[in-house]
Every structure is written in structure tokens, then in C-alpha cells.
Amino acid sequence: MELYSLTIHELRELLKKREVSALEVTKSYLERIKEVEPKIDALVTITEDFALQKAKEADEKIKKGEDTALTGIPVIIKDNISTEGIKTTCSSKMLENYIPPYNATVVEKLLEEGVIILGKSNLDEFAMGSSTENSAFKTTKNPWDLSRVPGGSSGGSAAAIAADEAAFALGSDTGGSIRQPASLCGVVGMKPTYGLVSRYGLVAFASSLDQIGPFTKDVTDCAIVLNTIIGHDPKDSTSLKIDKPDYTSYLKEDIKGLRIGVAKEFFGEGIEEGVKETVQESIKVLQDLGAEIIDISIPYVEYALPAYYIIASAEASSNLARYDGIRYGHIAEKYEDLIDMYMVTRSEGFGKEVKRRIMLGTYALSSGYYDAYYKKALKVRTLIKNDFEKAFEKCDVIIGPTSPTVAFKIGERANDPLAMYLADIYTVSVNIAGLPGISIPCGLSDGLPVGLQIIGRHFDEGKILNVAYAFEQANKFSAKPQAIGGAR
């Protein structure tokens, strides 16, 4: 068994007993990256020297007995999360050479624990997309089938964990950007409650929807990482003050009597038959574990996708106004005057999808259309929140498929924005309502992974993890991606 194939909790056992060093673990992952990265293109930056230095520091920490649950564990960070002294590009020409002078709060927390950063992962430019094909630098491939997408926008992070390039990764989720790629790559991905994890240092896309979360190899690892990254941060005005629970205490196999809601809206038109069957089998597994399955309805969820694309694009058009070539980022070389410089800089720096969203958002916010689009979308947002609140009166968690399909072919939806946007049809409502959600692998359809999404009430991550863990232990999903030469 190679070190790179182990989970966080397995590596911690070995590190604690001094059976391996953090340096050995790090070298194992760096070798793995050299082996599989040319095939999957998951990373935009590899920080080998920095990682080896941090590994030596972690070993010193362990020697002194100052280690914690994540000391000596290697991570990959999505490239829209700021890392001091390490390029943070958002996979955009606009920020191709941008090196932040500070760390995001989540990165600071991980470094304090002695975590080792191996590199930064590829994403859809500025996190806008569902396939990681919108990156200005490269197209990440799915380790299960190199002709297919890994999902997006955090496709690089998901592919990296599926291919064992790190023990865990961080991503961001605005409308499904952690859960959907986790589903397509057969790993665990969690979007915490909005405000639970600090967004300070996350390059903003849609500030009322964005949330940072982990990709891991199993549910136990997810709980371990969550313990570290949550917490109030005065630098983020939307960060919430709540008591910090120990999420590992929720990892129990007992879910007897737990009420699980199944919304009919999550099994509607557009879902692949194989995905539907796999998720229905998963519901049966949970029923056999003693959970009570309750049919529920979330009527306004059918309007979630259009509402999301209006709200997210409106916020993006405002957030991305800062990229004008004046203070940092790309600046045009040839221009006639200040206005022309803005126009040329932004035309050169932004890709097609980012321009599309900025135009959509600016249109929705314009004086003649504000009431018809943006204001209406905010009303729909409230209706969706109310629907979830009503549903949670009848059940403790809600489950369904994470994505309506398995991973699709690279290029298949590139010229059809609507088909691409539909990839997030089951995930956007969770962001709109600010709820926590997790995707866990539940089986295969045509040899490709299917994700089960578990949604909870605000701050009920513990219950979600309980259900996810119980299911994982009963289901024992053990398939591994073979397209990269049989990872793990």
C-alpha cells in the first residue's frame, strides 16, 4: 500500500507512531503528482520546495509533541484561495502572475496546524463553470475516464483527490462547485453552512453564495478537516459566531429513526436512468439501516437555476469590476485613453464564460430590468428558503442525486451554456438557501461514479456527517479510477 493512497486518519496513525515521517509522506505525494499529473492536468502550480520545507517543520512539531489532527498532512488548494507568496490565478489571464501578499484565513488555519501545501488546483475561470473547461490554462481530465470532465468549478481539486495527488483538497462552492465535481470524480465533497467557514482571502465570485469546503477520500477525513477550517473570523463580515463542535463525534453508524426526506423534484426530467437507479438503491440502504424515508416536496426549487444565474451573475458583475488593470492583475499594453485601457484590459483578461456572466449580471441590474430580473430572483430565493424550512419540519435531512448525470465528455457541452448550467440543477438551491450539503460516492453507472447528496438544516453538519458515515460504512464504495493506471 503506497502512502499516497491512505486517508488522513490512516496517515495520522502512522505519523503519531513515528512509523513514517511527514517528509516521507510528502515525497510520496510529490512522486505521485509527477506520475499522474501529465495525464489529468489538475494543478496550475506545484510548490515542491515549499512543501518539503513545511514537511521538515511538521516533523519537528511531531517530535516535540505539538502535533494536531492535520500535522504533516498534504493538501492541494483551489487556485482562487489566496496563498501568500504563491501564485493565485483563478485560472484567468487577468491574474496570471498575481502573487497575494497574504494568506486566506483557511490557509492560515491549515498552516498553523502543520499542513503541507503541495500546490494549487485548476478551476473554471473565476469559479464560473461546471466542467473546468473554462480555465485559461488547461482542461482538467476526469481520472475515471480521461475523455470526460471532472466537473466544476473545483474540478482540479476533485480530480487531484480521486487520483491521490493529495490527502485532501480545498474548493469553493457557489452553486455546486464542490459537490458536483466530487460526485463526478467519486470523492467526498462538502459545502458547509454559509458563514461557517471564513471567506477572507477567497477571490469573490458571488459573495452571498460562495463558501469554502473540503474534498476528502472518506467521510471521517471530511469531519477532521471541517474541525480545523470552521470558526468565526472578524476579517469576514459574513462569518458567524457559533460554538465549535467536534464533528468526528457524529461519525456513528446508528441512524435508526432518523427521518430522511426524498424530494420528488430531485428526480425529474433530465436525470439519467443509471443515476436515478443508483440513488434509489442508496435510499434502500438507508432504509435498511433503520431510517424513516419520507416523501417531501420543494415546489419552488424548479426556479432555483434561473434565480441562481441572475443573482450570481449580478454579484459577479459587481465583484469583477475591480479588475481594471490599475492596481494589480493584467493590464493592456496598447490603448488610447483611460476608458479604452479598461475596455482592452478586460477584453484581453477575461474569458468567454466570465464575459457572458458579467454581461448577464449587468443587464439584470440595469435600471430598466432590475425589478423584472434581480428583484424577482431575490423573491424566489426567499420562497426556496421557506420551502426548505417547511420540508425540514417533516424530516431531519434531505437526500437525492448530486448531479443529474455522470461525467460528460470534454467538449460535449462547450457550445451549449444551458446544457452546462443544468449540471448544477440539484445543487444551486442549497447555496440559495445557505444550507450545508455533502456529496458522497454511492455507486457506479456505466463505470462512472454517482454522487448522493445529503442536505441538512443550517449548522446541522453533524447530522449530515452522521448519515453520510452510516451510509459509507454500509455501502463500502471501493471502486477506484483506472484511467490513470489504476490509482490506489
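Residue numbers in this text run from 1 along the chain shown.
Backbone N, Cα and C define each Cβ position, glycine as well.
According to Swiss-Prot, the feature active site, charge relay system maps to Lys78 (among others). The Cβ of Lys78 (active site, charge relay system) has 31 neighbouring Cβ atoms from other residues within 10 Å, across all protein chains displayed. Look at Lys78 (active site, charge relay system): DSSP puts it in a strand.
Secondary structure from DSSP puts Ser153 (active site, charge relay system) in coil. Per Swiss-Prot, active site, charge relay system is recorded for Ser153 (among others), and the stated evidence type is sequence analysis.
DSSP assigns Ser177 (active site, acyl-ester intermediate) to coil in the three-state reduction, placing it in neither a helix nor a strand. Taking all protein chains in view, 37 other C-beta atoms sit within 10 angstroms of the C-beta of Ser177 (active site, acyl-ester intermediate). The active site, acyl-ester intermediate annotation in Swiss-Prot covers Ser177.
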Specify the count of other C-beta atoms within 10 Å of the C-beta of Ser153 (active site, charge relay system). 36
